[in-house]
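Student: Take a look at what Swiss-Prot says about it:
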type	residues	note
TRANSMEM	20-42	transmembrane segment
TRANSMEM	55-75	transmembrane segment
TRANSMEM	105-125	transmembrane segment
TRANSMEM	126-146	transmembrane segment
TRANSMEM	150-172	transmembrane segment
TRANSMEM	176-198	transmembrane segment
TRANSMEM	227-247	transmembrane segment
TRANSMEM	249-269	transmembrane segment
TRANSMEM	280-300	transmembrane segment
Amino acid sequence: MNQIEKTGELSASRFTVRDFTELVKIGIVNSNTITAFTGMWLAFQLNGISFIQNVDVIFFTIVGSALIVAASGAFNNVIDRDIDGIMERTKNRPTMTGKISGKRALMVALVLGVVGTIMLFMTTWQAGVLGVIGVFLYVVVYSLYAKRKLVSNTVIGSFSGAVPPLIGWFAVEPSFSIVPIMLFLVMFCWQPPHFYAIAIKRKEEYAAAGIPMLPVVKGIERTKKSMFFWVILLTILPFFMFELGIVYVVLATLLNIGWLALSIYGFKMEDSIKWAKWMFVYSLNYMTILFVAMVVISIFL
């Protein structure tokens, strides 16, 4: 038993709600639950399905989605214990301070994952399968392999991060249409510029931990070009979402133009760290405004 495990056993009584929320990465849980809800809401609204008469579906979808994302975060914390202590932003995670032992964190992850998956299967089998795929992609493909081995790790990790809105949609309407595809693509294209902004700010930490993030391997200027590329892709997507109405298309386009302008400004701005902070903040506001707008605008369609 290593020192972290010993400390974890001794401090088990100090396992608090805050420790739990840090273990499951509550911020990521919240943001992914919002996208899952949006997918579910749009499936109700655009297919003429009663929201009120499907309270059970709503409950199982939202809670199930939150639980599998929480499980994925906990699994990731267990896997990353060898590198979390090196990085400033992760060195105080409960699995590093000993407040939660590796064994206990693994048990929490397994329980959350199993319960969440069962709940998703109680909606439709498609939603359940998507949940399993999402966890597998994040835990096995990304956390265990791509994150540590490939410079394309962020793009690969974006597949799992784009699954929640699909889960929400398929829990209600288990068939493909342009809207769930676009929701997936929005989330997929949004993640690289968002996480590359973090990687630029934390470049030295990632380098010390041996994580081949794009800024570490290819440099900041190359990363700026990649971020610009992904934002350009985002600017195209609203024009495939006229089913949500012209108001949404205009709003999304304006948000995209703003992000595109900020991306271009990065090539002229000398302080790349400050620019990366701006990009990070913009990405958070972008996602929040965009998905809230989808929900609100769809009410009036």
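Each residue, glycine too, has its Cβ placed from N, Cα and C.
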Student: State the non-local partners of the transmembrane segment (126-146) in its own chain: residues 6+ outside its ends, Cβ under 8 Å from one of its Cβ atoms.
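Tutor: Residues 61, 64-65, 68, 71-72, 75-76, 79-80, 113, 116-117, 120, 152-153, 156-157, 159-161, 163-164, 166-167, 170-171, 174 contact the transmembrane segment (126-146) from elsewhere in the chain.
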Student: Can you see whether the transmembrane segment (20-42) and the transmembrane segment (176-198) are touching - at least 3 CB pairs under 8 angstroms, only pairs 6 or more apart in sequence?
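Tutor: Contact confirmed: at least 3 Cβ pairs fall under 8 Å.
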Student: With contact taken as 3 or more Cβ pairs under 8 angstroms (pairs 6 or more apart in sequence), are the transmembrane segment (280-300) and the transmembrane segment (176-198) in contact?
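Tutor: The transmembrane segment (176-198) and the transmembrane segment (280-300): touching, yes.
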